[in-house]
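Working notes for the structure below.
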Amino acid sequence: MRAAGLLWAALWGLLLPPVTADEGILHASGSGIPPVTKDYCIMYNSSWISLPNSLDNATFRTLENLTSTVLCSSSEVPSGLLKDKAVVVMGGNCTFLEKARIAQSLGAKMLLIASKPRLSSLSDNKTDFEDVTLPVALIRYNDIVDMQLTLGNEVNVTLYSPPLPEFDYSMVVIFLIAVFTVALGGYWSGVAELENLKAIASPGERETRRKKEENVTFTPVTVILFVVICCVMLVLLYFFYKWLVYVIISVFCLASAMSLYNCLAALMGEIPFGQCRIACCNKNIEVRLIFLAVFCIAAAVVWAVFRNEDRWAWILQDILGVAFCLNFIKTLKMPNFKSCVILLGLLLLYDVFFVFITPFITKNGASIMVEVAAGPFGNSEKLPVVIRVPRLEYSASTLCDMPFSLLGFGDIIVPGLLVAYCRRFDVQTSSSSVYYISCTIAYAIGMVLTFVVLALMKMGQPALLYLVPCTLITSSLVAWRRKEMKKFWKGSSYQVGWMP
């Protein structure tokens with residue numbers, strides 16, 4: 001389960017910005033005193049017409065609700081009814097631009113087309129409709145109903161499209177989550193290593209420890225095999241996504257529940273109260289651990305059932321994801337810096353290839369990793385292998401949908417394994433946490449660099465492209481400066497003596 005979990009997490013090493021489109025805001029004002037106002041989402045085509053970016057000097061139009069018609073003929077509307085008004089009609093029977101031409105000929109100054117399905121981009125060919133100059137936008141039919149209930153029958157509306165902020169605080173939240181998880185996972189690994197060092201004096205404990213290490217330690221050969229399997233799995237996901245996505249969701253539920261249990265059980269072990277036990281199957285089990293197991297399973301099940309509830313399910317997914325990453329950083333151990341270099345170096349190449357090179361190979365010119373992240377071919381199910389944080393700055397995007405910034409688990413776990421190795425090396429050599437602190441700071445710098453490039457290029461970035469050089473170079477410089485490179489490269493004598 002541990003190896004499978006890391007394989008699944010490492011498949012996804014990408015930092016994505018929120019997806020943007022031609023989204024705007026309809027600002028509606030009621031006729032009450034004081035007037036009640038409310039904003040609604042619209043979709044428009046920026047190549048047809050440009051909307052103002054603020055409400056300054058905005059021109060309001062009285063809204064005429066004609067959702068009982070589709071406006072495919074001027075005869076559907078009494079003469080003079082639409083003069084200088086904004087009109088809302090239903091979609092269907094004719095193109096958007098045909099409706100717009102009719103509305104314009106009747107004197108309307110704005111056309112809204114109500115849609116019961118999910119809003120999509122306006123993509124009609126405007127070549128034959130160059131004479132159409134009035135704003136055209138799609139709006140949800142439910143929003144028109146809400147507008148009447150909230151603001152009354154006399155409503156004035158205007159359209160605008162505020163620019164997206166260059167920086168969003170969701171990136172700060174992702175940064176804090178990532179650095180916290182890497183730092184805590186590395187520290188926890190060091191605590192476990194210190195306990196192992198204290199237990200090594202007993203031959204029985206020594207043999208038990210050796211058996212455990214065989215199951216959680218990567219050798220250079222297994223690292224190479226692991227990366228090859230990652231490549232195969234990502235390609236399989238690209239071609240068979242609609243089936244494999246449910247396998248990934250099932251694995252996430254199981255692995256995250258186990259990881260959350262391990263994390264909380266470690267904390268609970270430090271609490272000296274409530275340690276009553278019951279006998280079961282010739283074992284004494286703490287009652288509080290039974291309740292903890294039920295809680296962790298319930299958390300995973302609740303996420304699985306409500307995973308598409310964007311308003312709050314992302315919080316539960318992030319909690320489970322952080323627990324998953326912490327457990328693997330603590331549990332999976334790199335035997336030496338050599339294995340760290342091989343793992344991080346190969347996964348860096350894997351990341352870059354599937355983000356930047358595959359667009360030259362695929363038929364639609366899209367990156368395989370980005371396509372898998374978004375769900376190929378419009379699949380509504382998303383892989384739960386990312387930390388998700390919604391955009392926090394108010395904009396048309398947050399009104400229309402809930403766009404998320406994403407950071408793959410692999411961008412936390414893979415560098416986290418190096419941070420954990422540095423922490424264990426500190427413990428083994430009594431080097432006052434210098435390797436651990438330096439590598440953690442280097443990871444934070446790498447994350448900042450990734451965000452800067454993301455803001456400049458406005459496209460998904462393979463975060464390992466920046467995290468791997470920062471962490472590897474920093475760790476190497478510290479070892480070289482302390483004249484411990486040979487020991488750091490091969491692992492401590494303690495590790496070399498006990499590795500299988």
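Just so it is clear, glycine is given a Cβ too, placed from its N, Cα and C backbone atoms.
Listed in TrEMBL for this protein:
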- 78-143: domain 'PA' (DOMAIN)
- 1-21: signal peptide (SIGNAL)
- 169-188: transmembrane segment (TRANSMEM)
- 216-240: transmembrane segment (TRANSMEM)
- 246-268: transmembrane segment (TRANSMEM)
- 289-306: transmembrane segment (TRANSMEM)
- 312-329: transmembrane segment (TRANSMEM)
- 341-361: transmembrane segment (TRANSMEM)
- 402-422: transmembrane segment (TRANSMEM)
- 434-457: transmembrane segment (TRANSMEM)
- 463-480: transmembrane segment (TRANSMEM)
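Confidence annotation: the domain 'PA' (78-143) carries a mean pLDDT of 84 in the model. For the transmembrane segment (289-306), the most Cβ-contacting stretch among 169-188, 246-268, 312-329, 402-422, 434-457 is 246-268 (pairs under 8 Å). At the 8 Å Cβ threshold, with sequence separation of at least 6, the transmembrane segment (169-188) lacks contact with the transmembrane segment (463-480), having fewer than 3 such pairs. Of the candidate ranges 216-240, 341-361, 402-422, 463-480, 402-422 has the most C-beta pairs within less than 8 angstroms of the transmembrane segment (312-329). Same-chain neighbours of the transmembrane segment (402-422): 6, 9-20, 168, 170-171, 174, 177-178, 181-183, 185-186, 189-190, 310-311, 314, 321, 324-325, 328-330, 332-334, 336-337, 340, 343-344, 347, 351, 373, 385-391, 435-436, 438-440, 443, 446, 463-464, 467-468, 471-472, 475, counting only residues six or more beyond its ends whose CB sits under 8 Å from a CB of the stretch. Secondary structure of the domain 'PA' (78-143) per DSSP, as helix, strand and coil residue counts: 16 helix, 18 strand, 32 coil.
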